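Participant: One structure coming up, written as structure tokens, with questions to follow.
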Number of protein chains: 2
Amino acid sequence: MNEIFTARGSVLIAGVTIDGSTVDIALDETGTIAAIGKDARKTIDADIVIDGSDRIAVPGLVNTHTHAAMSLLRGYADDMILQDWLSQKIWPLEAHLTGDDVYAGTRLACLEMIKSGTVAFNDMYFFMDRAAAAVDEMGMRATFAYGFIDLGMEEKREAEIKATETLIAHIKSLNNPRIQAAVGPHSVYTVSPEALSWCGDFAKEQNIGIHVHLSETEKEVVDCVAQFGKRPAVLLDEYGCLTPRTVAAHCCWLDEAECRLLGERGVTASHNPASNMKLAVNRAMPYHWLKQYGANIALGTDGCSSNNNLDLMEEMKFAALLQKFAWNSPTLLPANEALTMATAAGARALGTGPGTLTVGAPADIVLLDTRAVCNTPLFHADSNAVYACNGSAVMTVLCQGRILMHEREVPGEEEIVREAGDAALSLADRAEESS
Amino acid sequence: MNEIFTARGSVLIAGVTIDGSTVDIALDETGTIAAIGKDARKTIDADIVIDGSDRIAVPGLVNTHTHAAMSLLRGYADDMILQDWLSQKIWPLEAHLTGDDVYAGTRLACLEMIKSGTVAFNDMYFFMDRAAAAVDEMGMRATFAYGFIDLGMEEKREAEIKATETLIAHIKSLNNPRIQAAVGPHSVYTVSPEALSWCGDFAKEQNIGIHVHLSETEKEVVDCVAQFGKRPAVLLDEYGCLTPRTVAAHCCWLDEAECRLLGERGVTASHNPASNMKLAVNRAMPYHWLKQYGANIALGTDGCSSNNNLDLMEEMKFAALLQKFAWNSPTLLPANEALTMATAAGARALGTGPGTLTVGAPADIVLLDTRAVCNTPLFHADSNAVYACNGSAVMTVLCQGRILMHEREVPGEEEIVREAGDAALSLADRAEESS
């Protein structure tokens, strides 16, 4: 293995481009940005030097909504009506999922995210202790929520409460600053008011975040109003589930008042454009209202079975283009705002720092190739990053100063791909045998 | 240079995956597929052998609507209202465009297309003799149309007729089977009925195709009905511009009767989803009607200033997702149909063969990496190609049996990128100096 992956200590990124200027970035031994500037190299005696020429530095990307291990289900079933897809394909497969599968799938997901510039993600799924083990090894940051679904059944609710408590205790016991826990009430249509109330209280008591699906489909809103006489965001708020540490995924069908409510509560809305388009949810997240009312607007890929990749560079383009198309405005969500969604807004959502390249910030840094065709010509780096490039323009990725990828090499890539491929085929075989 | 790029003769692609089976593909000296099967290697004494293990073979992609040299304008201006963008940014720059710029820009575009699996494209721009020279060198196929715009002025019309005649005579004189000409009436809002009539007649006389923008915006339709009392496709048909060799780009605002008309005339509709979303045209091409009435539905990226790349692998995903979202159907435009749009339909549009991997077809072949993360797991190759992968999964590209890229190496890449970058900066400098 290239020794750059195993060396530890201070790091100098020498002569890299930021906002059109050539500077050095000096990182101290704790993985914090210690200095940025023309002569930052003079401030440290670096243990590791990365050549920044022909590279643009941007903050590490943050994926605020995914189900990482679903990378094992990539391409298993597509182009179906949601209910058929879930009941005939996804759920029967998931019924056979093991902790080993989640470990293999999360490692594959981490590899994919690292290779496309993502350093942190917000995950909701099962066997999350195994997912956390994968993230620990891969060197990324993640926040894990157990997907809490009680369907109004008291016995199931007790089991879900227990599973949530167990996961959060486990994550806290890891004592790994890169790995956090959140409470994960799945949605207002799968979680009872009693359980939502417990989730809100428990998140507050534990001082952790909440990860929830919100207003993905019109049916969710219509059913919620019919059952509870109020819209989903209002219901979540009533049970204490809208906080500055809540990430609400999708948010397609929010009305203006709900957007104002999310803004007032400081909630993060995670925009998932590719998934929303693929599943034909028939409305795009109202970015303009959420922006107007000061909500934190971030970006997510959703799981690999409804996207079908985890490339946030691509997702920025889908976000910027879907907003323009769906709300009929070519000036909506310009490139620089898309990049902010994928970086600073994501970091704020997960509490991983400012998500900017500034002194004192965690060294979560991505280096893009200026010689790539997608960066030629290089009139505006933000535009190229959002509209022209995809994850393949990412050359080097650092998380808390640790080098996770360099010159597109990630340690162990072949093994991770092979093991995940084998796990997926074995999972599908087991599901078919029992059907 | 790797000798695989200069060697000539028969080619064997050994042990490659097609539709889940491992086969050989044998290409004869003329660049035609001579045999496909488990023992095809026994049919030839190959001069060149390509290892097909860990590779999926798909037909070469065809980009049916672009302005290739606009790669020089990538990221120059974005996120603006169409009219401001054109009048304040694009046209002032284009006024300074030289033949050398078009040569440099088209070489960059060819490089980008080859690196993302495209072997042929349908181009409309200026200085097309220089674009043709670039394509000749790069080894791709292209059809060139001079963008004919008379704005109803007789003098300008005469000049455009002359420019069209000159280009077509030049292209024919090249006598290069990879390079074709088409007549390029820009659109019904920039070309007078007299000129449309001339274009229809001239295309018929010369036995060549027509390349036209059709119903990109609602304004085009409203203005056309107000001025001529009929919708754009009907107007084009009246002047003989809808033929089996016509490629109509965009087609967003076609009504059902116009879709039927395109089907009856055997026209190709080129879907340009990323451009349509970015420019907020407010309606997606009615794929369902065009399919119902038997039009040939192909795919295009449009120019780099409104996309901002030429990656047809990415464009397949935009097409499949935009159709689902805009027409509210998760089953619309499934993965296999998106791949057909980008291959067989494109080849039919440009008359470059069947666009399939079949004996007797031109050897326009793309090899995708099965070990790429986006192909892991590999349940359905079409799904992965459309929804998970982008152009970076393309490893090897052949056009008429000639190897244009192998293991992601394209001869001359560094020089092409450097020269195009320099040309773009110089162009912008000239435009700014004179403003």
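Positions of Cβ are set from backbone N, Cα and C atoms, glycine also.
Remember, TrEMBL labels are computer predictions, not curated facts.
As annotated in TrEMBL:
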type    : residues                              : note
DOMAIN  : B:56-403                              : domain 'Amidohydrolase-related'
BINDING : B:His65, B:His67, B:His213, B:Asp302  : Zn(2+) binding site
BINDING : B:Glu94, B:His186, B:Glu216, B:Asp302 : substrate binding site
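Help me picture these features in the structure, burial and contacts included.
Facilitator: Contacts of B:Asp302 (Zn(2+) binding site) defined by a Cβ separation under 8 A and a same-chain sequence distance of 6+ are given as B:His65, B:Thr66, B:His67, B:Ala249, B:Asn272, B:Ala274, B:Ser275, in order along the sequence.
DSSP gives B:Asp302 (Zn(2+) binding site) a coil state; it is part of no helix or strand.
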Participant: Check each residue in the chain of B:Glu216 (substrate binding site) that is at least six apart in sequence and keep those whose C-beta is under 8 Å from its C-beta; list them in sequence order.
Facilitator: B:Ser187, B:Ala249, B:His250, B:Cys252, B:Trp253, B:Asn276, B:Val281
Participant: Which residues in the same chain, at least 6 apart in sequence, have a Cβ under 8 Å from the Cβ of B:Glu94 (substrate binding site)?
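Facilitator: Sequence-distant Cβ neighbours: B:Leu73, B:Phe126.
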Participant: In Å, rounded, how far does the Cα of B:His186 (substrate binding site) sit from the Cα of B:His213 (Zn(2+) binding site)?
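Facilitator: For B:His186 (substrate binding site) versus B:His213 (Zn(2+) binding site), the Cα atoms are 6 Å apart.
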Participant: Could you list the residues of the same chain, at least six apart in sequence, whose Cβ is under 8 A from the Cβ of B:His213 (Zn(2+) binding site)?
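Facilitator: Listed in sequence order, they are B:His186, B:Ser187, B:Ala248, B:Ala249, B:His250.
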Participant: State which of the following binding-site residues has the fewest other Cβ atoms within 10 Å around its Cβ: B:His65, B:His67, B:His186.
Facilitator: B:His186
Participant: When you average the Cβ positions of B:His65, B:His67, B:His213, B:Asp302 for the Zn(2+) site, which other residues in that chain have a Cβ within 8 Å of that mean position?
Facilitator: B:Thr66, B:Met124, B:Ala249, B:His250, B:Ser270, B:Asn272, B:Ser275, B:Gly300, B:Gly303
Participant: According to DSSP, does B:His65 (Zn(2+) binding site) sit in a helix, a strand, or coil?
Facilitator: strand
